[in-house]
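Q: Annotations for this protein, taken from Swiss-Prot, read as follows:
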type	residues	note
DISULFID	C133-C151	disulfide bond
DISULFID	C138-C145	disulfide bond
DISULFID	C157-C174	disulfide bond
DISULFID	C161-C170	disulfide bond
DISULFID	C189-C196	disulfide bond
DISULFID	C242-C372	disulfide bond
COILED	379-462	coiled coil
Amino acid sequence: MALVARSICVSYDEIAGICNNVSHRNFKKWVQWKNPFLFQDDARRNIRFNDRKLSCTKFIGASEKLQHSKSPKSGLISCGWEVNSSKVVSNAVIPKKWNLLKLKVVEVTAIVACTFFVMSSAQAVDALKTCTCLLKECRIELAKCIANPSCAANVACLQTCNNRPDETECQIKCGDLFANKVVDEFNECAVSRKKCVPQKSDVGEFPVPDPSVLVKSFNMADFNGKWFISSGLNPTFDAFDCQLHEFHLEDGKLVGNLSWRIKTPDGGFFTRTAVQKFAQDPSQPGMLYNHDNAYLHYQDDWYILSSKIENQPDDYVFVYYRGRNDAWDGYGGAFLYTRSATVPENIVPELNRAAQSVGKDFNKFIRTDNTCGPEPPLVERLEKTVEEGERTIIKEVEQLEGEIEGDLEKVGKTEMTLFQRLLEGFQELQKDEEYFLKELNKEERELLEDLKMEAGEVEKLFGRALPIRKLR
(Lines of atoms letter the chains of each structure in order from A and count residues from 1; the text may use other names and numbers.)
(Lines give C-alpha, C1' and ligand atoms only; values in the text may rest on other atoms or scores of the structure.)
Protein backbone atom coordinates (compact mmCIF):
# COMPACT_ATOMS: atom_id res chain seq x y z
CA MET A 1 0.00 0.00 0.00
CA ALA A 2 1.09 3.56 -0.58
CA LEU A 3 2.39 5.54 2.35
CA VAL A 4 1.71 9.20 2.99
CA ALA A 5 2.79 11.87 5.43
CA ARG A 6 1.18 15.20 6.23
CA SER A 7 1.84 18.69 7.52
CA ILE A 8 0.36 19.60 10.86
CA CYS A 9 -1.84 22.50 11.96
CA VAL A 10 -3.20 22.39 15.51
CA SER A 11 -5.38 25.12 16.99
CA TYR A 12 -4.89 26.70 20.38
CA ASP A 13 -8.36 25.56 21.42
CA GLU A 14 -7.36 21.93 20.88
CA ILE A 15 -4.16 22.03 22.91
CA ALA A 16 -4.81 24.70 25.55
CA GLY A 17 -2.50 24.02 28.46
CA ILE A 18 -0.78 21.04 26.88
CA CYS A 19 2.67 22.62 26.42
CA ASN A 20 2.68 24.18 29.87
CA ASN A 21 1.12 21.37 31.88
CA VAL A 22 2.64 18.13 30.57
CA SER A 23 6.11 16.69 30.22
CA HIS A 24 8.04 16.33 26.97
CA ARG A 25 7.22 12.64 26.85
CA ASN A 26 3.48 13.06 27.41
CA PHE A 27 3.24 15.99 24.99
CA LYS A 28 5.04 13.93 22.38
CA LYS A 29 2.51 11.12 22.86
CA TRP A 30 -0.39 13.55 22.52
CA VAL A 31 1.00 15.04 19.30
CA GLN A 32 1.81 11.58 17.93
CA TRP A 33 -1.77 10.47 18.60
CA LYS A 34 -3.19 13.46 16.76
CA ASN A 35 -0.54 13.30 14.01
CA PRO A 36 1.01 9.83 13.74
CA PHE A 37 3.26 10.73 10.80
CA LEU A 38 5.50 13.05 12.79
CA PHE A 39 7.94 10.60 14.28
CA GLN A 40 10.20 9.66 11.38
CA ASP A 41 13.98 9.43 11.83
CA ASP A 42 14.66 10.65 8.30
CA ALA A 43 12.71 13.87 8.52
CA ARG A 44 12.86 17.05 10.57
CA ARG A 45 9.63 18.90 11.08
CA ASN A 46 8.78 22.17 12.73
CA ILE A 47 5.47 22.96 14.41
CA ARG A 48 4.69 26.34 15.93
CA PHE A 49 1.73 27.08 18.16
CA ASN A 50 1.14 30.83 18.51
CA ASP A 51 -1.67 32.46 20.49
CA ARG A 52 -2.24 34.88 23.32
CA LYS A 53 -1.65 32.30 26.04
CA LEU A 54 0.50 29.65 24.41
CA SER A 55 3.85 29.60 22.70
CA CYS A 56 5.97 26.52 22.09
CA THR A 57 8.16 25.17 19.34
CA LYS A 58 8.59 21.48 18.60
CA PHE A 59 11.57 20.14 16.66
CA ILE A 60 11.41 16.42 16.01
CA GLY A 61 14.37 14.49 14.66
CA ALA A 62 16.73 11.77 15.79
CA SER A 63 17.09 13.35 19.26
CA GLU A 64 13.36 14.24 19.54
CA LYS A 65 14.00 17.09 21.97
CA LEU A 66 11.26 19.46 23.05
CA GLN A 67 12.07 23.14 23.43
CA HIS A 68 9.91 26.04 24.61
CA SER A 69 10.47 29.47 23.10
CA LYS A 70 8.82 32.85 23.06
CA SER A 71 7.28 34.26 19.91
CA PRO A 72 5.22 37.31 18.93
CA LYS A 73 1.66 37.15 20.19
CA SER A 74 -0.90 36.86 17.44
CA GLY A 75 -4.30 35.39 16.76
CA LEU A 76 -3.03 33.16 13.97
CA ILE A 77 -1.66 29.65 13.80
CA SER A 78 1.64 29.22 11.96
CA CYS A 79 2.29 25.69 10.82
CA GLY A 80 4.75 23.97 8.57
CA TRP A 81 7.34 21.23 8.29
CA GLU A 82 10.73 20.68 6.75
CA VAL A 83 12.26 17.68 5.04
CA ASN A 84 16.00 16.80 5.14
CA SER A 85 16.52 19.74 7.51
CA SER A 86 16.50 22.35 4.78
CA LYS A 87 13.94 22.00 2.01
CA VAL A 88 10.64 23.53 3.06
CA VAL A 89 7.82 21.56 1.48
CA SER A 90 4.86 23.34 3.01
CA ASN A 91 4.45 26.44 5.14
CA ALA A 92 1.24 28.36 5.65
CA VAL A 93 -0.22 30.95 7.99
CA ILE A 94 -4.00 30.63 8.28
CA PRO A 95 -6.82 32.01 10.43
CA LYS A 96 -7.42 30.03 13.61
CA LYS A 97 -10.90 28.92 12.59
CA TRP A 98 -9.89 27.78 9.09
CA ASN A 99 -11.28 24.45 8.03
CA LEU A 100 -8.29 22.10 8.25
CA LEU A 101 -9.74 19.75 5.68
CA LYS A 102 -9.56 22.48 3.05
CA LEU A 103 -5.90 23.03 3.83
CA LYS A 104 -5.17 19.33 3.61
CA VAL A 105 -6.85 19.02 0.23
CA VAL A 106 -4.71 21.88 -1.08
CA GLU A 107 -1.56 20.22 0.28
CA VAL A 108 -2.17 16.70 -1.01
CA THR A 109 0.59 17.00 -3.60
CA ALA A 110 3.20 17.95 -1.00
CA ILE A 111 1.92 15.28 1.35
CA VAL A 112 2.41 12.41 -1.04
CA ALA A 113 5.68 13.80 -2.39
CA CYS A 114 7.05 13.70 1.14
CA THR A 115 6.71 9.90 1.03
CA PHE A 116 9.98 9.64 -0.86
CA PHE A 117 11.93 11.09 2.03
CA VAL A 118 10.89 8.30 4.39
CA MET A 119 11.16 5.41 1.96
CA SER A 120 14.24 3.34 1.17
CA SER A 121 15.97 3.79 -2.17
CA ALA A 122 15.07 0.24 -3.19
CA GLN A 123 11.41 1.24 -3.03
CA ALA A 124 11.84 4.57 -4.81
CA VAL A 125 10.78 3.45 -8.29
CA ASP A 126 7.63 1.67 -7.11
CA ALA A 127 6.86 4.54 -4.74
CA LEU A 128 7.17 7.05 -7.57
CA LYS A 129 4.71 5.12 -9.71
CA THR A 130 2.28 4.67 -6.83
CA CYS A 131 2.38 8.28 -5.67
CA THR A 132 2.06 9.62 -9.20
CA CYS A 133 -0.99 7.44 -9.73
CA LEU A 134 -2.56 8.50 -6.42
CA LEU A 135 -2.03 12.17 -7.18
CA LYS A 136 -3.55 11.81 -10.61
CA GLU A 137 -6.33 9.31 -10.04
CA CYS A 138 -7.29 9.22 -6.33
CA ARG A 139 -6.95 12.79 -5.09
CA ILE A 140 -10.35 12.97 -3.39
CA GLU A 141 -10.04 9.57 -1.71
CA LEU A 142 -6.54 10.40 -0.50
CA ALA A 143 -7.64 13.73 0.95
CA LYS A 144 -10.55 12.06 2.76
CA CYS A 145 -8.17 9.45 4.16
CA ILE A 146 -5.77 12.04 5.50
CA ALA A 147 -8.62 13.95 7.15
CA ASN A 148 -10.12 10.81 8.75
CA PRO A 149 -8.52 9.72 12.06
CA SER A 150 -9.00 5.99 11.46
CA CYS A 151 -7.74 6.09 7.88
CA ALA A 152 -4.76 8.27 8.84
CA ALA A 153 -4.00 5.85 11.67
CA ASN A 154 -4.19 2.98 9.20
CA VAL A 155 -1.59 4.67 6.99
CA ALA A 156 0.63 5.28 10.02
CA CYS A 157 0.30 1.62 10.95
CA LEU A 158 1.24 0.58 7.40
CA GLN A 159 4.51 2.48 7.75
CA THR A 160 5.59 0.02 10.44
CA CYS A 161 5.25 -2.84 7.94
CA ASN A 162 7.91 -1.63 5.50
CA ASN A 163 10.61 -4.18 4.62
CA ARG A 164 9.36 -6.75 7.11
CA PRO A 165 9.35 -10.43 6.07
CA ASP A 166 5.63 -10.49 6.87
CA GLU A 167 4.92 -7.14 5.22
CA THR A 168 1.64 -8.20 3.61
CA GLU A 169 0.38 -9.88 6.77
CA CYS A 170 1.31 -6.78 8.77
CA GLN A 171 -0.66 -4.59 6.36
CA ILE A 172 -3.69 -6.83 6.74
CA LYS A 173 -3.53 -6.56 10.53
CA CYS A 174 -3.45 -2.78 10.20
CA GLY A 175 -6.59 -3.04 8.10
CA ASP A 176 -8.23 -5.20 10.76
CA LEU A 177 -7.57 -2.57 13.41
CA PHE A 178 -8.57 0.53 11.46
CA ALA A 179 -11.08 -0.63 8.86
CA ASN A 180 -13.89 1.81 8.08
CA LYS A 181 -15.76 3.24 5.10
CA VAL A 182 -13.10 5.84 4.29
CA VAL A 183 -10.37 3.18 4.25
CA ASP A 184 -12.51 1.03 1.96
CA GLU A 185 -13.07 3.92 -0.45
CA PHE A 186 -9.35 4.68 -0.58
CA ASN A 187 -8.48 1.01 -1.21
CA GLU A 188 -11.17 0.70 -3.86
CA CYS A 189 -9.65 3.58 -5.82
CA ALA A 190 -5.96 2.85 -5.21
CA VAL A 191 -6.09 -0.93 -5.55
CA SER A 192 -9.14 -1.86 -7.63
CA ARG A 193 -10.31 1.01 -9.81
CA LYS A 194 -7.05 2.74 -10.72
CA LYS A 195 -4.61 -0.05 -9.78
CA CYS A 196 -2.06 2.34 -8.29
CA VAL A 197 -0.84 -0.45 -6.00
CA PRO A 198 0.57 -3.53 -7.78
CA GLN A 199 -0.97 -6.90 -6.99
CA LYS A 200 1.06 -9.36 -4.92
CA SER A 201 1.70 -12.43 -7.08
CA ASP A 202 0.84 -16.02 -6.25
CA VAL A 203 3.95 -17.79 -4.88
CA GLY A 204 2.33 -21.22 -4.74
CA GLU A 205 2.03 -21.48 -0.96
CA PHE A 206 -1.60 -22.60 -1.22
CA PRO A 207 -2.01 -24.63 -4.43
CA VAL A 208 -5.29 -25.99 -5.74
CA PRO A 209 -5.70 -29.44 -4.17
CA ASP A 210 -6.23 -32.59 -6.17
CA PRO A 211 -9.99 -33.35 -6.48
CA SER A 212 -9.37 -36.84 -5.12
CA VAL A 213 -8.68 -35.50 -1.61
CA LEU A 214 -12.05 -33.76 -1.34
CA VAL A 215 -15.25 -35.18 0.15
CA LYS A 216 -17.36 -37.05 -2.40
CA SER A 217 -20.65 -35.60 -1.18
CA PHE A 218 -21.70 -32.53 0.77
CA ASN A 219 -25.25 -31.36 1.42
CA MET A 220 -25.23 -27.60 1.98
CA ALA A 221 -28.59 -27.82 3.78
CA ASP A 222 -26.87 -29.80 6.55
CA PHE A 223 -24.57 -26.84 7.11
CA ASN A 224 -27.43 -24.72 8.48
CA GLY A 225 -27.10 -23.16 11.90
CA LYS A 226 -24.26 -21.94 14.09
CA TRP A 227 -20.67 -23.13 13.79
CA PHE A 228 -17.48 -22.14 15.58
CA ILE A 229 -14.07 -21.94 13.95
CA SER A 230 -12.21 -23.80 16.68
CA SER A 231 -8.85 -24.13 14.92
CA GLY A 232 -7.12 -22.29 12.08
CA LEU A 233 -3.92 -22.54 10.06
CA ASN A 234 -3.21 -18.98 8.94
CA PRO A 235 -2.79 -16.54 11.86
CA THR A 236 -3.57 -13.63 9.54
CA PHE A 237 -7.01 -14.90 8.49
CA ASP A 238 -8.04 -17.96 10.49
CA ALA A 239 -7.09 -17.64 14.16
CA PHE A 240 -9.33 -14.92 15.59
CA ASP A 241 -11.19 -15.30 18.87
CA CYS A 242 -14.95 -15.80 19.14
CA GLN A 243 -15.48 -16.85 15.52
CA LEU A 244 -19.16 -17.74 15.47
CA HIS A 245 -20.63 -18.14 11.98
CA GLU A 246 -24.28 -18.80 11.22
CA PHE A 247 -25.29 -20.31 7.86
CA HIS A 248 -28.55 -20.75 5.96
CA LEU A 249 -29.64 -21.53 2.40
CA GLU A 250 -30.99 -18.74 0.23
CA ASP A 251 -31.76 -19.02 -3.51
CA GLY A 252 -29.63 -22.12 -3.81
CA LYS A 253 -26.59 -20.51 -2.16
CA LEU A 254 -25.06 -20.96 1.25
CA VAL A 255 -25.19 -17.62 3.10
CA GLY A 256 -22.92 -17.07 6.08
CA ASN A 257 -23.29 -14.36 8.70
CA LEU A 258 -19.77 -14.17 10.07
CA SER A 259 -18.51 -12.52 13.24
CA TRP A 260 -15.12 -12.47 14.94
CA ARG A 261 -13.12 -10.41 17.41
CA ILE A 262 -10.08 -8.23 16.80
CA LYS A 263 -7.79 -7.90 19.80
CA THR A 264 -6.56 -4.46 20.83
CA PRO A 265 -3.04 -4.02 22.25
CA ASP A 266 -4.33 -3.49 25.80
CA GLY A 267 -6.23 -6.79 25.95
CA GLY A 268 -9.59 -5.41 24.85
CA PHE A 269 -11.38 -6.19 21.61
CA PHE A 270 -13.95 -5.08 19.09
CA THR A 271 -16.17 -7.21 16.87
CA ARG A 272 -16.14 -7.40 13.08
CA THR A 273 -18.96 -8.84 10.96
CA ALA A 274 -19.41 -9.82 7.33
CA VAL A 275 -21.85 -11.65 5.05
CA GLN A 276 -20.58 -14.13 2.46
CA LYS A 277 -22.38 -16.24 -0.13
CA PHE A 278 -21.17 -19.56 -1.54
CA ALA A 279 -22.23 -21.52 -4.60
CA GLN A 280 -21.52 -25.25 -4.89
CA ASP A 281 -19.64 -26.64 -7.87
CA PRO A 282 -22.17 -28.83 -9.74
CA SER A 283 -19.56 -31.46 -10.58
CA GLN A 284 -17.51 -31.28 -7.36
CA PRO A 285 -19.72 -31.24 -4.21
CA GLY A 286 -16.68 -30.58 -2.04
CA MET A 287 -15.95 -27.24 -3.74
CA LEU A 288 -17.74 -24.01 -2.75
CA TYR A 289 -17.15 -20.67 -4.49
CA ASN A 290 -17.51 -17.19 -3.04
CA HIS A 291 -17.18 -14.98 -6.14
CA ASP A 292 -18.72 -11.81 -7.63
CA ASN A 293 -17.78 -9.56 -4.70
CA ALA A 294 -17.55 -5.82 -5.27
CA TYR A 295 -14.91 -4.95 -2.67
CA LEU A 296 -11.45 -5.61 -4.15
CA HIS A 297 -13.21 -8.17 -6.40
CA TYR A 298 -12.15 -10.86 -3.96
CA GLN A 299 -12.81 -14.53 -4.72
CA ASP A 300 -12.52 -17.34 -2.17
CA ASP A 301 -12.59 -21.00 -3.13
CA TRP A 302 -13.36 -23.53 -0.39
CA TYR A 303 -12.23 -27.15 -0.62
CA ILE A 304 -13.87 -29.45 1.94
CA LEU A 305 -11.29 -32.04 2.94
CA SER A 306 -13.35 -33.89 5.52
CA SER A 307 -16.70 -33.56 7.29
CA LYS A 308 -19.15 -35.28 9.59
CA ILE A 309 -22.61 -33.80 10.19
CA GLU A 310 -24.82 -36.15 12.22
CA ASN A 311 -26.40 -33.75 14.71
CA GLN A 312 -23.80 -34.75 17.29
CA PRO A 313 -21.51 -32.60 19.50
CA ASP A 314 -18.48 -33.72 17.48
CA ASP A 315 -19.87 -32.65 14.09
CA TYR A 316 -17.30 -30.81 12.00
CA VAL A 317 -16.42 -29.47 8.56
CA PHE A 318 -12.71 -29.15 7.66
CA VAL A 319 -12.08 -26.47 5.01
CA TYR A 320 -8.95 -25.67 3.01
CA TYR A 321 -9.17 -22.51 0.93
CA ARG A 322 -7.30 -20.26 -1.44
CA GLY A 323 -8.27 -16.88 -2.80
CA ARG A 324 -7.40 -13.82 -4.81
CA ASN A 325 -8.27 -10.14 -4.87
CA ASP A 326 -6.97 -7.00 -6.51
CA ALA A 327 -4.20 -6.70 -3.93
CA TRP A 328 -3.09 -10.32 -3.54
CA ASP A 329 -3.34 -13.41 -5.71
CA GLY A 330 -2.85 -16.73 -3.96
CA TYR A 331 -3.55 -16.13 -0.27
CA GLY A 332 -4.99 -19.08 1.61
CA GLY A 333 -5.35 -21.13 4.75
CA ALA A 334 -7.48 -23.77 6.43
CA PHE A 335 -9.87 -23.91 9.35
CA LEU A 336 -12.10 -26.27 11.27
CA TYR A 337 -15.81 -25.67 11.78
CA THR A 338 -17.26 -27.42 14.84
CA ARG A 339 -20.59 -27.28 16.60
CA SER A 340 -18.72 -27.13 19.90
CA ALA A 341 -16.59 -24.14 20.86
CA THR A 342 -13.47 -26.31 21.12
CA VAL A 343 -11.96 -29.08 19.00
CA PRO A 344 -13.38 -32.52 19.93
CA GLU A 345 -10.29 -34.61 20.58
CA ASN A 346 -11.80 -37.77 19.11
CA ILE A 347 -11.80 -36.27 15.59
CA VAL A 348 -8.14 -35.19 15.64
CA PRO A 349 -6.86 -38.36 13.87
CA GLU A 350 -9.26 -37.69 10.97
CA LEU A 351 -8.11 -34.08 10.83
CA ASN A 352 -4.45 -35.11 10.76
CA ARG A 353 -5.05 -37.30 7.72
CA ALA A 354 -7.07 -34.60 5.95
CA ALA A 355 -4.43 -31.92 6.58
CA GLN A 356 -1.66 -34.18 5.29
CA SER A 357 -3.56 -34.62 2.02
CA VAL A 358 -2.83 -30.96 1.19
CA GLY A 359 0.66 -30.91 2.68
CA LYS A 360 -0.28 -29.34 6.01
CA ASP A 361 0.25 -30.42 9.62
CA PHE A 362 -2.81 -30.13 11.86
CA ASN A 363 -0.56 -30.02 14.93
CA LYS A 364 0.57 -26.58 13.74
CA PHE A 365 -2.97 -25.21 13.60
CA ILE A 366 -3.89 -22.57 16.16
CA ARG A 367 -6.66 -23.34 18.65
CA THR A 368 -8.98 -20.32 18.94
CA ASP A 369 -10.62 -18.93 22.07
CA ASN A 370 -14.39 -19.16 21.65
CA THR A 371 -15.38 -18.45 25.24
CA CYS A 372 -16.58 -15.07 23.95
CA GLY A 373 -16.34 -13.48 27.38
CA PRO A 374 -16.78 -9.80 28.25
CA GLU A 375 -14.07 -7.24 27.73
CA PRO A 376 -11.55 -7.18 30.61
CA PRO A 377 -12.08 -4.41 33.18
CA LEU A 378 -10.10 -1.22 32.72
CA VAL A 379 -7.95 -2.03 35.77
CA GLU A 380 -6.75 -5.31 34.23
CA ARG A 381 -6.01 -3.62 30.94
CA LEU A 382 -4.00 -0.95 32.76
CA GLU A 383 -2.06 -3.61 34.64
CA LYS A 384 -1.25 -5.45 31.43
CA THR A 385 0.10 -2.32 29.77
CA VAL A 386 2.11 -1.36 32.86
CA GLU A 387 3.61 -4.86 33.05
CA GLU A 388 4.66 -4.63 29.42
CA GLY A 389 6.28 -1.28 30.15
CA GLU A 390 8.13 -2.74 33.13
CA ARG A 391 9.45 -5.61 31.02
CA THR A 392 10.72 -3.12 28.47
CA ILE A 393 12.50 -1.11 31.16
CA ILE A 394 14.14 -4.24 32.60
CA LYS A 395 15.31 -5.26 29.13
CA GLU A 396 16.83 -1.84 28.58
CA VAL A 397 18.58 -2.04 31.96
CA GLU A 398 20.02 -5.46 31.10
CA GLN A 399 21.33 -4.09 27.82
CA LEU A 400 22.92 -1.17 29.66
CA GLU A 401 24.52 -3.57 32.14
CA GLY A 402 26.13 -5.49 29.29
CA GLU A 403 27.50 -2.29 27.79
CA ILE A 404 28.93 -1.19 31.14
CA GLU A 405 30.61 -4.53 31.79
CA GLY A 406 32.11 -4.55 28.30
CA ASP A 407 33.58 -1.07 28.55
CA LEU A 408 33.75 -0.19 32.25
CA GLU A 409 36.78 2.08 32.08
CA LYS A 410 35.27 4.26 29.37
CA VAL A 411 32.07 4.66 31.28
CA GLY A 412 33.90 5.69 34.46
CA LYS A 413 32.05 7.91 36.89
CA THR A 414 29.59 9.23 34.34
CA GLU A 415 27.29 6.24 34.14
CA MET A 416 24.23 5.92 36.34
CA THR A 417 23.84 2.80 38.45
CA LEU A 418 21.46 0.14 37.21
CA PHE A 419 19.25 0.63 40.25
CA GLN A 420 19.04 4.35 39.60
CA ARG A 421 18.02 3.73 35.99
CA LEU A 422 15.47 1.16 37.05
CA LEU A 423 14.03 3.46 39.72
CA GLU A 424 13.78 6.39 37.33
CA GLY A 425 12.13 4.17 34.75
CA PHE A 426 9.45 3.07 37.19
CA GLN A 427 8.93 6.63 38.38
CA GLU A 428 8.45 7.84 34.81
CA LEU A 429 6.03 5.00 34.14
CA GLN A 430 4.07 5.91 37.28
CA LYS A 431 3.92 9.56 36.24
CA ASP A 432 2.56 8.57 32.84
CA GLU A 433 -0.09 6.37 34.45
CA GLU A 434 -1.17 9.08 36.89
CA TYR A 435 -1.28 11.71 34.17
CA PHE A 436 -3.37 9.72 31.71
CA LEU A 437 -5.80 8.56 34.38
CA LYS A 438 -6.13 12.09 35.71
CA GLU A 439 -6.70 13.64 32.31
CA LEU A 440 -9.02 10.91 30.99
CA ASN A 441 -12.12 12.93 31.87
CA LYS A 442 -10.76 16.23 30.56
CA GLU A 443 -8.96 17.15 27.35
CA GLU A 444 -8.29 13.61 26.12
CA ARG A 445 -11.86 12.39 26.64
CA GLU A 446 -13.22 15.44 24.83
CA LEU A 447 -10.87 14.83 21.92
CA LEU A 448 -11.80 11.16 21.78
CA GLU A 449 -15.50 11.99 21.73
CA ASP A 450 -14.96 14.49 18.92
CA LEU A 451 -13.02 11.98 16.84
CA LYS A 452 -15.27 9.01 17.72
CA MET A 453 -12.18 6.80 17.85
CA GLU A 454 -12.28 3.30 19.27
CA ALA A 455 -10.04 2.25 22.15
CA GLY A 456 -7.96 0.01 19.91
CA GLU A 457 -7.29 2.83 17.48
CA VAL A 458 -6.21 5.19 20.23
CA GLU A 459 -4.01 2.55 21.84
CA LYS A 460 -2.30 1.85 18.52
CA LEU A 461 -1.35 5.50 18.16
CA PHE A 462 -0.32 5.96 21.79
CA GLY A 463 2.08 3.03 21.57
CA ARG A 464 3.00 2.23 25.15
CA ALA A 465 0.62 4.75 26.68
CA LEU A 466 -2.18 3.58 28.93
CA PRO A 467 -5.25 1.99 27.33
CA ILE A 468 -8.54 3.85 27.17
CA ARG A 469 -12.04 2.39 27.23
CA LYS A 470 -14.17 2.37 24.13
CA LEU A 471 -16.35 5.44 23.85
CA ARG A 472 -19.86 4.94 22.55
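The backbone N, Cα and C atoms fix where each Cβ goes, glycine too.
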Q: Quick check for the class: what is the C-alpha distance, in angstrom and rounded, between C157 (disulfide bond) and C170 (disulfide bond)?
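A: C157 (disulfide bond) to C170 (disulfide bond), Cα-Cα distance: 9 Å.
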Q: Mean pLDDT for the coiled coil (379-462), as a whole number?
A: 53
Q: Please list, in sequence order, the residues in the chain of C161 (disulfide bond) that are at least six apart in sequence and whose C-beta is under 8 Å away from its C-beta.
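A: C161 (disulfide bond) has long-range Cβ partners E167, C170, Q171, C174.
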Q: To the nearest whole angstrom, state the Cα distance for the pair C196 (disulfide bond) and C242 (disulfide bond).
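A: Their Cα atoms are separated by 35 Å.
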Q: Roughly how many Å separate the Cα of C138 (disulfide bond) from that of C372 (disulfide bond), to the nearest whole number?
A: 40
Q: Closest to C372 (disulfide bond): which of the disulfide-bonded residues C133, C145, C151, C189, going by Cα position?
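A: Out of the listed candidates, the nearest Cα belongs to C151.
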Q: In angstrom units, rounded to an integer, how far apart are the Cα atoms of C151 (disulfide bond) and C145 (disulfide bond)?
A: 5
Q: On the three-state reduction of DSSP, what should I expect for C151 (disulfide bond)?
A: helix
Q: Going by C-alpha positions, which of the disulfide-bonded residues (C145, C189, C242) is nearest C133 (disulfide bond)?
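A: Considering only the listed disulfide-bonded residues, the nearest one is C189.
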Q: Show which residues of the chain containing C242 (disulfide bond), separated from it by at least 6 in sequence, have their CB under 8 Å from its CB.
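A: Listed in sequence order, they are S259, W260, R261, F269, T271, T368, D369, N370, T371, C372.
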Q: Could you check the disulfide-bonded residues C133, C138, C145, C189, C196 and say which one's CB has the fewest neighbouring CB atoms inside 10 Å?
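A: Each of the disulfide-bonded residues C133, C138, C145, C189, C196 was scored by Cβ atoms within 10 Å; lowest is C133.
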Q: Note down the number of other Cβ atoms within 10 Å of the Cβ of C157 (disulfide bond), including every protein chain shown.
A: 21
